[in-house]
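Trainee: For reference, the structure I am asking about is given below.
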């Protein structure tokens with residue numbers, strides 16, 4: 001029976017019913033055991049493989065490996081043939097009117113047809129660039145969100161140049177995740193960045209929930225109160241003062257590299273979880289317009305696309321697909337090479353290490369990351385370090401450059417134009433108050449990191465490389481040329497035998513599946529009966 005005011009029914013029942021169910025279950029299990037006992041337990045026969053006493057063992061193994069490889073390639077070829085046959089049948093099932101239109105388009109040219117098919121699945125990086133350009137064009141103020149742990153590495157000169165060239169637009173820097181760096185370091189960075197652009201110290205709230213909570217009994221709406229947010233008032237006053245000086249509505253675009261906290265800043269300003277946030281990089285894939293009040297509208301944007309010409313450490317920290325493009329060991333080693341080794345040892349509580357591989361081995365032993373045989377899983381340890389450094393919990397910091405110089409795309413006139421219309425004195429007071437309120441990281445959670453400088457990004461679609469996994473798959477599926485199949489068949493027939501030999505014990509097997517190996521050995525005996533093992537070797 002369903003209880004009132006509750007969604008789930010009660011699991012209560014009478015003892016008679018419960019004992020009856022238990023009795024039926026016992027009887028069912030007894031019958032299963034009885035049937036299994038009648039059938040008996042037959043152990044699968046193990047294939048002993050090629051004995052060590054057999055002559056030409058290495059040649060047999062090579063031929064078996066070669067035949068297995070040829071069978072796999074043949075299966076792949078048959079799969080491609082089936083797909084092409086299905087495509088041909090689909091084309092035949094099209095109505096006559098559609099056939100006439102298809103014939104006319106095919107007679108014009110084949111190349112435009114291929115281009116149209118490819119345009120249906122566009123590269124997601126190009127879509128990011130398109131959405132980012134839309135945000136910059138629609139914005140009056142562009143907030144470039146920087147990670148306070150590496151502010152210089154989060155600046156993109158290409159995007160800043162686009163904002164400067166687009167006309168009378170303002171560029172403001174927001175130092176997010178300010179609670180993860182020491183206060184002295186944060187003050188030094190604030191002084192360094194304020195010389196060029198207005199900078200706001202910010203710490204986004206991480207305890208946001210859904211927009212509203214409703215209760216059926218009271219029929220009252222309870223708005224959500226955000227917690228642990230610093231710098232919200234300073235940013236509100238900065239945007240509000242600029243809006244009053246303009247005398248019209250203002251649109252604010254939020255841009256930055258992945259995982260710097262763009263969507264978290266919007267949620268903190270709105271005090272609601274409107275934009276999707278998470279640990280994984282690149283969750284925002286299209287622009288999202290959020291009205292803050294009647295006069296100020298904020299626009300969320302997808303992340304910058306990092307250029308492949310950057311340093312390996314920058315690629316590992318700023319690229320969402322760095323683990324896919326780079327190997328985990330390479331990405332984590334690039335990060336580790338830029339960090340202070342003594343502080344890394346204190347943070348991860350491992351003994352001193354010689355190189356990155358030695359560190360990952362000790363870290364895997366420390367965290368209990370082992371492979372099947374008990375050896376340390378170095379790759380899992382590298383992924384663990386990469387996820388911590390790209391997340392929002394590890395506190396590392398960089399020192400600002402010793403000498404200050406204008407960025408290549410800035411000068412004194414541009415700096416004066418960018419600061420015009422903002423109350424910088426009030427902003428300085430609010431930043432000082434925010435730094436005072438913030439709690440710095442723990443001593444063991446501070447790691448000195450050597451920044452690699454400005455990170456180059458890609459804003460133009462033509463600069464994005466055309467090759468991508470999705471496009472290559474589409475090309476393989478859509479390729480209907482007959483000479484490709486001939487080439488593949490020729491490759492299968494002309495495969496050279498494997499030169500490497502394997503040393504095996506009498507009990508070991510050569511292939512992963514026993515059924516495959518038995519088939520291969522039987523096949524060999526049918527093909528070559530010139531040598532008789534039973535008569536010559538007893």
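Numbers here mean position along the shown chain, with the first residue as 1.
Keep in mind that glycine also has a Cβ here, set from the backbone N, Cα and C atoms.
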Trainee: If Swiss-Prot marks one of 375, 505 as phosphoserine, which residue does it mark?
Mentor: 505
Trainee: So which of 101, 512 shows up as phosphoserine in Swiss-Prot?
Mentor: 101
Trainee: Do you know which of 2-46, 137-181 Swiss-Prot annotates as region 'Basic'?
Mentor: 2-46
Trainee: Summarise the model's confidence over the domain 'CP-type G' (129-307) as a mean pLDDT value.
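Mentor: The average pLDDT of the model in the domain 'CP-type G' (129-307) works out to 82.
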Trainee: Around the Cβ of residue 79 (N6-acetyllysine), how many other Cβ atoms lie within 10 Å? Please give the count over every shown protein chain.
Mentor: 10
